[in-house]
Ligand SMILES: [Zn+2]
């Protein structure tokens, strides 16, 4: 049975269980995260499926084209020039909103898990790229790929955030699949409902014309997001990453900000939940009885599947999800971070050196660095060596 825990509860037993979950996160070392739109709400990205979101605006402008939110993200829209134009306009508006957004506490938490070597991988349904802005290398980013003759291939070891539905920050050619960053010029075209021509196709065609050969068809650029009912261009690579992650025996699965309605995502969650439970499902009764004795610590912290979402999971998830934390993801990660800092403050200590301007600046390097600071003093009319020893200050990062 999925046990629901309300994040703002005053019930002592529920709070103890929430504390135990936080401690379990801190102990785990190979955590898989699966996230959805709920983690970006507090970043200021409009929920385009809500009544006052961008989707409603588009629906008002084109009531005959868009009947429900999912229409805007279904591959069938490309069958009709009008719905295609509406999609391009919608994406350009959404991209401008995304560019103004900043990562949420939840995005930063995922980055912290990575920095502390606890994150096996993050998988997201979101196309906003905020994980990348928080410092995680995303599967759509240029640095994560090797560009062969045929197609882009993801370098598995470098990618920490797998973007299951692509990225709004990139465009790709509908004909040759060449992939580019999405620029203001692209957005200007999309805003007008017109796709820009592909520079890769154009240059190949021009080269042929220059040698008096037949010109080639030039493809158009589309947002590099993956729509419903179309395959992911990097699907094989993502499948390989998933298999690799399962073989590495993840010790916790955390699902955040998604109501788990998309078929592909359901399969992903079930596969990872199975792998996580192979380590042994948590024994709630044992955990709670252990918590009643403050002198002891729960001896089972891994093998757990946690869903953090405002709405509860359906009955389909019985035996797959162990705990449902009901509430906002930012609030939950703040609780986890608070517990983490209180029980392992050493994880958040950072060495700091005094720089030339006399300011303290953090240094991520643990090796000793001898810093010589010259300070201009009027003494003897010339600069004197004031300090030649490293000056370290440990600060707790808030
Ligand atoms: Zn092309």
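For all residues, glycine too, the Cβ spot is worked out from N, Cα and C.
Bear in mind that TrEMBL entries carry predicted annotations, made automatically and left uncurated.
Here TrEMBL flags 11-339 as domain 'Deacetylase sirtuin-type'.
In the three-state DSSP reading, residue 165 (active site, proton acceptor) counts as coil. The active site, proton acceptor feature in TrEMBL is assigned to 165.
Note on residue 176 (Zn(2+) binding site): other Cβ atoms within 10 Å of its Cβ, all shown chains, come to 16. Under the heading Zn(2+) binding site, TrEMBL lists 173, 176, 198, 201.
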Task: Would you pick out, from the recorded positions 165, 173, 198, 201, the residue whose Cβ has the largest number of other Cβ atoms within 10 Å?
output: 198
- request: For the recorded Zn(2+) site formed by 173, 176, 198, 201, name the remaining residues of the chain with Cβ within 8 Å of the site's Cβ center, in chain order.
  value: 174, 175, 177, 178, 199, 200, 202, 218, 219, 220, 221
Query: Mean pLDDT over the domain 'Deacetylase sirtuin-type' (11-339): what is the value?
result: 87
Message: Tell me the Cα distance separating residue 165 (active site, proton acceptor) from residue 198 (Zn(2+) binding site), rounded to the nearest angstrom.
response: 22
- request: Please classify the secondary structure at residue 198 (Zn(2+) binding site) using three-state DSSP.
  value: coil
- line: For residue 165 (active site, proton acceptor), the closest of the binding-site residues by C-alpha position, picking from 173, 176, 201, is 173
